[in-house]
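If you check TrEMBL, you get these features:
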- H77: active site, proton acceptor (ACT_SITE)
- D78, V81, G83, D85, S87, E98: Ca(2+) 1 binding site (BINDING)
- H200: heme b binding site (BINDING)
- T201, D251, D259: Ca(2+) 2 binding site (BINDING)
- C46-C124: disulfide bond (DISULFID)
- C79-C84: disulfide bond (DISULFID)
- C130-C328: disulfide bond (DISULFID)
- C207-C239: disulfide bond (DISULFID)
Amino acid sequence: MALKNLLALVALLALVGVSIAKPYGNPLGNPRVKGDLDLDYYRFKCPQVESIVRRVTFQYVSRRPTLAAALLRMHFHDCFVRGCDGSVLLKSPNNDAERDAPPNLTLRGWEVVDAVKSVLERKCPGVVSCADVLALVARDAVAVIRGPWWPVPLGRRDGRISRLSEANLPSPFADVKTLKNNFRVKGLNSKDLVVLSGAHTIGVSSCGLISSRIHNFTGRGDFDPAMNPSYVRTLKKRCKPTDVRTPVDMDPGSARRFDSHYFNIVAQKKGLFISDSALLNDFVTKSYIQTQVVTRGASFAKDFSDSMVKLGFIQILTGRKGEIRRKCAFVN
């Protein structure tokens with residue numbers, strides 16, 4: 001009789017889509033940030049979710065590898081504003097949503113998220129959140145370019161609020177004290193700051209974000225003394241004073257490979273942004289950079305994986321909070 005009851009319970013759980021396999025506790029250690037996720041959250045409700053995301057993401061990123069950096073950045077920007085709730089994906093008729101904020105105007109890869117969501121809605125309508133889609137797409141996009149892999153616990157729900165005024169993201173012009181505080185309030189520490197900064201090993205920026213740093217740092221036609229002078233000369237050849245559009249690699253010499261080369265660049269005072277150079281002004285972040293240089297990035301992939309898992313738990317919505325959007329750009 002007991003066996004019959006157990007089998008009946010398992011069948012019921014399968015029907016309602018409750019996962020009992022791999023709960024994943026919140027790793028942030030911040031009592032203000034509550035909620036658990038589950039590696040097998042969609043085991044019964046949408047068992048093909050990860051294979052679908054992987055397939056569609058590969059179709060896009062294999063043709064345009066630069067999308068890997070773009071999609072990783074989108075996930076980061078989502079999590080740092082209102083948490084990992086997919087709010088960066090929302091559109092506003094008044095152009096006052098997160099995606100309309102200046103730091104997000106250069107985000108791209110929206111079509112990848114929409115394509116994945118469209119397939120999932122056909123297979124499992126109303127089941128998989130856009131927040132989970134974005135978290136998975138970011139991971140799988142990096143995997144396409146042979147970057148580190150990390151587990152993505154699932155079960156996030158989508159937020160209904162997206163405000164331009166709240167898109168206060170860590171700035172490329174920030175000093176290390178400000179950056180550490182930006183991360184601390186999200187439950188992330190100094191190690192997470194320097195590890196996640198390592199994502200700058202892929203992708204590009206533009207001349208506009210570094211123009212004053214190399215041409216007129218203090219208003220006297222000088223450059224930032226925290227930069228390597230030879231690197232400044234190289235940048236000046238590429239970026240004229242009025243040029244705001246020309247792309248610039250964030251990790252010169254290795255911008256298409258996800259590796260630890262970024263830390264070598266920063267150690268040589270060739271960090272593109274003030275926020276990169278600032279990592280040399282803190283004992284913890286500087287020590288990490290030096291370790292990666294000496295060990296040729298021995299622990300970087302594992303460290304990046306751990307920090308990305310922590311990032312994915314920031315201010316998550318679970319249970320009955322939020323919703324499961326049918327289209328990622330609009331609330332239901």
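A Cβ is built for glycine as well, from the same backbone N, Cα and C atoms used for every other residue.
Features per TrEMBL, on structure.
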{"residue": "C46", "record": "disulfide bond", "Cβ contacts under 8 Å, 6 or more apart": "L120, K123, C124, V127, V128"}
{"residue": "D78", "record": "Ca(2+) 1 binding site", "Cβ contacts under 8 Å, 6 or more apart": "C84, D85, G86, S87, V88, L89, E98, A131, L134"}
{"residue": "C79", "record": "disulfide bond", "Cβ contacts under 8 Å, 6 or more apart": "K186, L311, G312, I314, Q315"}
{"residue": "C130", "record": "disulfide bond", "Cβ contacts under 8 Å, 6 or more apart": "G86, L89, V113, K117, D158, R325, C328"}
{"residue": "C207", "record": "disulfide bond", "Cβ contacts under 8 Å, 6 or more apart": "R238, C239, K240, D243, V244, R245, T246, V248"}
{"residue": "D259", "record": "Ca(2+) 2 binding site", "Cβ contacts under 8 Å, 6 or more apart": "T201, G297, F300"}
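Proximity to G83 (Ca(2+) 1 binding site), judged by a C-alpha distance within 10 Å, picks out H77 from the recorded positions H77, H200, D251. Ranking the recorded positions H77, V81, H200 by Cα distance from D251 (Ca(2+) 2 binding site) puts H200 first.
Here the recorded positions are V81, C84, C124, C239, C328, and the one ringed by the most other CB atoms within 10 angstroms is C84. When the alpha carbons of H77 (active site, proton acceptor) and the residue listed as 'heme b binding site' are compared, the span between them is 14 angstrom.
Surrounding the centroid of the Cβ atoms of T201, D251, D259, where the record places Ca(2+) 2, the chain contributes additional residues within 8 Å, namely G198, H200, I202, S254, A255, R257, F258, S260, H261, Y262, I265. Put simply, H200 (heme b binding site) is 20 Å from V81 (Ca(2+) 1 binding site) when counted between their Cα atoms. Taking all protein chains in view, 26 other C-beta atoms sit within 10 angstroms of the C-beta of T201 (Ca(2+) 2 binding site). Within 10 Å of the C-beta of D251 (Ca(2+) 2 binding site) there are 28 other C-beta atoms, taking all protein chains into account.
Neighbour density around each Cβ, counted as other Cβ atoms within 10 Å, peaks among the recorded positions H77, H200 at H200. Excluding D78, V81, G83, D85, S87, E98 themselves, the residues of that chain whose CB lies within 8 A of the CB mean position for the Ca(2+) 1 site are, in sequence, H77, C79, F80, R82, C84, G86, V88, G159, S162. Cβ neighbour count for D85 (Ca(2+) 1 binding site): 28 (other Cβ atoms within 10 Å of its Cβ, all protein chains included).
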